[in-house]
Amino acid sequence: MPELPEVEVTRQGIAPHLEGNRVEALIVRNANLRWPVPELAQNIVGQTILGVRRRAKYLLIDTQAGTTIVHLGMSGSLRVLPKNTPVEKHDHIDLVMQNGRVLRFNDPRRFGAWLWSELPEAAHPLLEKLGPEPLSAAFHADYLQAALKGKKKAIKLCLMDNAIVVGVGNIYANEALFAAGIHPEAEAGKVDAERLTLLTAEVKTILTQAIKQGGTTLKDFTNADGKPGYFAQKLHVYGRGGETCTECGHLLSEIRLGQRTTVFCSLCQTK
């Protein structure tokens, strides 16, 4: 599943081809995504793209008339192509631009979304309850300590809770907790301020590195020009259960936590 760095890399890749350009057509070949593509999505036709933003794992394509909200789901991707590029399997939507380019949405598993909103961002049901961006100044140790106060849930589950902080999915939660030396099952409300300071710093560092390297390549992700990401080469724990720890040589443990695979070093990471 594309996580925050992959979505941000996609945003950076498509924005220069969309911003300031006018939409010629919206072609919907298959409207049956996670939610049906609404008829109102056609309201973008004739509009000039004012900006392409990211909020959590949502891409927001802004126009004066409203905003197209795109979610890549489990296997979705957006690519900017010449207008006459032949359509391939799972190419469900084309946003055709007057500059001769097309933004093409491909999604084999169809868990992604293509929606339209004329509401303020803070009022949209998908966006209104989201926590701060992890790379913003609003995400810091004092904030996280207050957000976790009294919580008995595992710290990893809280780190992946979009109401607490957005966009820290399974890959990067595993990696940040390893870098901070925190056991993923540690009771969130009992993690002290010093370790939360380290954790917030590691979240920012790891996400920034992943964005710079084009995201993490797993089964499905390629960025906007079709190239894979390379951060998978840097992973210390994710996907490495049963292998040796890169720091101490101990075998990495693998468990299920919140129905997600969780990998950690029981020596380097403490509760």
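Heads up, the Cβ atoms here are built off N, Cα and C, so glycines get one too.
Bear in mind that the values here come from a model prediction, so they are computed numbers and not experimental data.
Taking Swiss-Prot as the reference, the stretch among 96-130, 166-200, 236-270 described by the feature zinc finger is residues 236-270. Mean pLDDT across the zinc finger (236-270) comes to 96 in this model. On a Cα basis, R109 (DNA binding site) lies 19 Å away from R260 (active site, proton donor).
For the zinc finger (236-270), the residues of the chain that approach it from at least six positions outside its boundaries are 154, 156-157, 160, 170-171, 174-175, 177-179, 181-186, judged by C-beta separation under 8 angstroms.
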